[in-house]
Amino acid sequence: MGFSSSLSCSAMGALIVGCLLLQASNSNAQLRPDFYFRTCPPIFNIIGDTIVNELRTDPRIAASLLRLHFHDCFVRGCDASILLDNSTSFRTEKDAAPNKNSVRGFDVIDRMKAAIERACPRTVSCADIITIASQISVLLSGGPWWPVPLGRRDSVEAFFALANTALPSPFSTLTQLKTAFADVGLNRPSDLVALSGGHTFGKAQCQFVTPRLYNFNGTNRPDPSLNPTYLVELRRLCPQNGNGTVLVNFDSVTPTTFDRQYYTNLLNGKGLIQSDQVLFSTPGADTIPLVNQYSSNTFVFFGAFVDAMIRMGNLKPLTGTQGEIRQNCRVVNPRIRVVENDDGVVSSI
């Protein structure tokens with residue numbers, strides 16, 4: 001079964017959310033949803049079919065592709081710099097602490113890019129492929145659809161140092177989270193709370209959970225905001241001095257579904273990582289009313305999520321003649337230098 005035939009009735013009903021919010025979003029004027037309408041009509045089906053096929057063997061890939069988009073956009077904007085491998089000119093962002101042995105889905109993006117290049121050579125940017133893949137991943141997992149503004153171009157460099165400092169930590173306090181989001185231009189409480197809802201599916205490694213289970217902030221005690229029953233369960237899954245790479249579901253109730261359960265979990269002290277639970281457990285925080293709203297109304301959460309995703313997708317995009325359209329998402333295009341020999345013959349090298 002292909003991408004178009006896999007859409008459920010509930011997902012199709014969520015189309016309304018995206019349509020209502022497109023006009024309300026402060027979309028970059030140079031980005032538009034119909035950017036590839038004439039130049040690469042099959043782009044959505046190619047990306048969607050790739051994800052559908054991947055989900056058959058890797059139910060986690062949808063959440064991973066959404067996270068890949070987030071980690072790309074927070075470092076100099078949504079420019080696919082995260083996809084670049086090491087070169088003589090720069091160090092890859094994949095080696096940065098928040099990404100190494102954590103961010104995944106690169107091979108899936110490679111397959112999408114290869115298929116798109118066969119259909120529409122040198123037309124679609126890797127940055128737009130990541131953006132579309134994140135949107136379709138949310139939709140296929142039961143979340144909303146929205147018209148994705150397109151027309152980004154790809155960076156010709158990576159930003160290893162910035163990736164080490166710009167991305168929020170799973171151990172962040174609410175103040176630190178707000179600073180990280182504001183630093184990239186996402187300065188509304190709804191940006192933080194709605195985008196954090198991306199943790200309604202997917203998994204995290206035990207190494208990002210265990211400090212709050214056994215020695216929260218150096219107290220030799222667990223995080224007091226943890227639900228006692230949930231604490232017991234997490235200690236079973238992530239024993240002290242155990243394997244830090246073991247994976248735990250962000251949402252133990254509906255682990256592969258994009259829904260509002262994440263916020264219900266926060267109300268019950270069942271946020272998996274510290275940077276999730278602080279949205280509700282920080283006294284007097286302006287994020288608390290939003291957690292309450294999103295936990296009780298799917299339409300409100302989906303609407304806020306779509307709006308925040310469009311805002312994040314519009315962070316400092318490269319457009320027009322900026323950057324390039326990479327032929328291979330892992331490397332910058334080879335530079336062609338035109339030379340003329342003594343006989344006046346022009347060639348490129």
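Just so it is clear, glycine is given a Cβ too, placed from its N, Cα and C backbone atoms.
Note that this is a predicted model, so its numbers are computed, not measured.
What Swiss-Prot records for H199 is heme b binding site, and it gives sequence analysis as the kind of evidence. Under the heading disulfide bond, Swiss-Prot lists C40-C120, C73-C78, C126-C329, C206-C238. Taken from Swiss-Prot, the feature N-linked glycosylation site covers N86, N217, N243, and the record attributes it to sequence analysis. Annotated pyrrolidone carboxylic acid per Swiss-Prot: Q30, in sequence order. As annotated by Swiss-Prot, signal peptide applies to 1-29, with the evidence given as sequence analysis.
Sequence features, as recorded in Swiss-Prot, placed on the structure.
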residue : record                      : Cβ neighbours (10 Å)
Q30     : pyrrolidone carboxylic acid : 15
C40     : disulfide bond              : 18
C73     : disulfide bond              : 27
C78     : disulfide bond              : 28
N86     : N-linked glycosylation site : 14
C120    : disulfide bond              : 16
C206    : disulfide bond              : 18
N217    : N-linked glycosylation site : 12
C238    : disulfide bond              : 22
C329    : disulfide bond              : 23
Residues near C126 (disulfide bond) in space but at least six apart in sequence (CB under 8 A): A80, L83, I109, K113, D154, R326, C329
Nonlocal neighbours by CB distance (under 8 Å) for H199 (heme b binding site), same chain, sequence gap 6 or more: F250, D251, Y262, L272, I273, D276
Intrachain C-beta neighbours of N243 (N-linked glycosylation site), sequence separation six or more, cut-off 8 angstroms: C206
Distance [Cα-Cα, Å, rounded] between C78 (disulfide bond) and C120 (disulfide bond): 21
C-alpha spacing of C40 (disulfide bond) relative to Q30 (pyrrolidone carboxylic acid), in angstrom: 18
